[in-house]
Amino acid sequence: MRLVLASGNPDKVREIKEILRDIEVLPLSSFVDEFEIEESGLTFRENAYIKVQKAFELTGLPSLADDTGLVVHGLHGMPGVFSSRFAGENAGYEANRRKLLEALRGMPLSARRAYFICVVAFMEKPGEVRFFEGKVEGFITKEPRGDGGFGYDPIFLYPPLGRTFAELSLREKNRVSHRYRALSRFREYLNESGLSR
Ligand code: IMP
């Protein structure tokens, strides 16, 4: 099976390709030179929908999109859908992490409880979109740890392993992550519906 992936983020593309190893995943950038998708939705679902719809419209092929965010208990759910632009419209990973650590400074452990959520949208036919969700719970550390992963990984502690996501290898992260969990549900759907062949 071939799938178009509506993402220009190479970190995500790498993880998704590794998780869906037996599926041919083609980034949208290999079909169109430049594309800009405005993530104007108010929910992860809406954003995943906007992205998958765009990929399908441009290629006409079965398409997949991933919208992800970090939801922090003590910040009333922020950064949430604003995860990529928490410290400003063009903020990089490091600036976003710094802003988050700053916002949590002095707060108790309970405020540092957080989860990653990943919503995957799949569109195979016009107007037919299915969503798959994966979540993973953890805590925001006081300082970054580890140099693997990307985004908020260095400050996201995964309690069952006692390490941040950035301290895990790609393989290890891809066995437990929000993205792995959402994509496992997607895979189950493909198997059940016979689309994986
Ligand atoms: P989006 O789904 O492209 O809107 O991603 C939102 C932001 O969440 C990204 O810019 C990253 O900072 C962060 N992010 C997404 N996935 C992950 C992940 O697996 N680990 C850590 N941060 C992530």
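First residue shown is number 1, and so on along the chain.
Including glycine, each Cβ sits where the backbone N, Cα and C put it.
Copied over from TrEMBL:
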ACT_SITE  ASP67  active site, proton acceptor
BINDING   SER7, GLY8, ASN9, PRO10, ASP11, LYS12, THR68, PHE150, GLY151, TYR152, ASP153, LYS173, HIS178, ARG179  substrate binding site
BINDING   GLU38, ASP67  Mg(2+) binding site
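GLY151 (substrate binding site) sits 13 Å from ASP67 (active site, proton acceptor), taking the Cα positions as reference.
For SER7 (substrate binding site), other Cβ atoms within 10 Å of its Cβ number 22. Here the Cα atom of ASP67 (active site, proton acceptor) is found 9 Å from that of SER7 (substrate binding site). In the three-state DSSP assignment, the secondary structure recorded for ASN9 (substrate binding site) is coil. When the neighbouring Cβ atoms lying within 10 Å are counted for each of the recorded positions (ASP11, ASP67, ASP153), the highest count belongs to ASP67. Neighbours of THR68 (substrate binding site), defined as other CB atoms within 10 A of its CB across all chains, total 25.
Mapped onto three states, the DSSP output places GLY151 (substrate binding site) in coil. Our reading of the substrate binding annotation (SER7, GLY8, ASN9, PRO10, ASP11, LYS12, THR68, PHE150, GLY151, TYR152, ASP153, LYS173, HIS178, ARG179) yields a largest Cα to Cα distance of 21 angstrom. Cα separation, ASP153 (substrate binding site) to GLU38 (Mg(2+) binding site), rounded: 24 Å. A distance of 15 Å separates the Cα atom of THR68 (substrate binding site) from that of GLU38 (Mg(2+) binding site).
Ranked by CA distance from GLU38 (Mg(2+) binding site), the binding-site residues SER7, ASN9, ASP11, HIS178 have SER7 at the top as the closest. In this structure, THR68, GLY151, ASP153 are the binding-site residues from SER7, GLU38, THR68, GLY151, ASP153 whose C-beta falls under 6 Å of some atom of ligand 1.
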